[in-house]
Amino acid sequence: MKFRILRYSAMTRREIYKSIAKWVLFSLVLLVSYTIEVTMPFASWQPYLTLTTAVAVSFFSEELSGVVFAAFAGMMHDLAMGSLFGFTSIWLMPCCLFVTLLVVNLIHRNILNFLWMNLTAVILVQSAELLFKYIIWRNPDIDVVLINYVLPALIATVILSAPLYLIIRQINKKLGVENNTDDILTAFEDVEDDEDKVRY
């Protein structure tokens, strides 16, 4: 028996279970990333793993699902870092959408493309936080924050981006459900046949 989902071809029950399992594992990776940010085992060299997880998931997902995942990842990052709740999501969601659109339309999925896109997204998000938390208010501690916390965190994020990318890629490879053009056309033909049967 087939189930039709918006913008996707018909999916079998097994494919639906695989898709659910994939997103559960993605969520577990995000939870582990959040735990690392909260416990801060690396002191000032604290990587922004929740942001990297969101970018990695967007790298292998569709636009809507990637943006929704980025929204939750942004909120978890705010909780971990003590920022205004929802602030990071505002900036992370368009970044992840842009990542997905680039991957779908222009570039290939490989680790080099992921690394520069992830670094760009993290820099944009953290620049927005620095702007609204320190620069606008002319906080004199901005130099200390930038040199002692932000830069070490960016370096640690870049170092841990590669293994995190490999984990997300492996999950997507094992549990991902690919939908090609032929499957979509077949699904539309099945719908038309069903409508014809109803009419006659």
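The count begins at 1 with the first shown residue.
Each residue, glycine too, has its Cβ placed from N, Cα and C.
The shown structure was predicted, so the numbers you read here are calculated from the model rather than taken from an experiment.
Pulled from TrEMBL, these are the features on record:
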- 20-36: transmembrane segment (TRANSMEM)
- 84-108: transmembrane segment (TRANSMEM)
- 114-132: transmembrane segment (TRANSMEM)
- 144-168: transmembrane segment (TRANSMEM)
Remark   = Long-range CB partners for the transmembrane segment (20-36) (under 8 A, at least six residues beyond its ends), listed in sequence order, are 47, 49-50, 52-54, 57, 65, 69, 72-73, 76-77, 79-80, 164, 167-168, 171-172, 175-176
Request  = State the residues, same chain only, that lie 6 or more residues beyond the ends of the transmembrane segment (84-108) and have a CB under 8 A from a CB inside it; answer 'none' if no residue qualifies.
outcome  = 51, 54-55, 57-59, 61-63, 66-67, 69-75, 77-78, 117, 120-121, 124-125, 128-129, 132
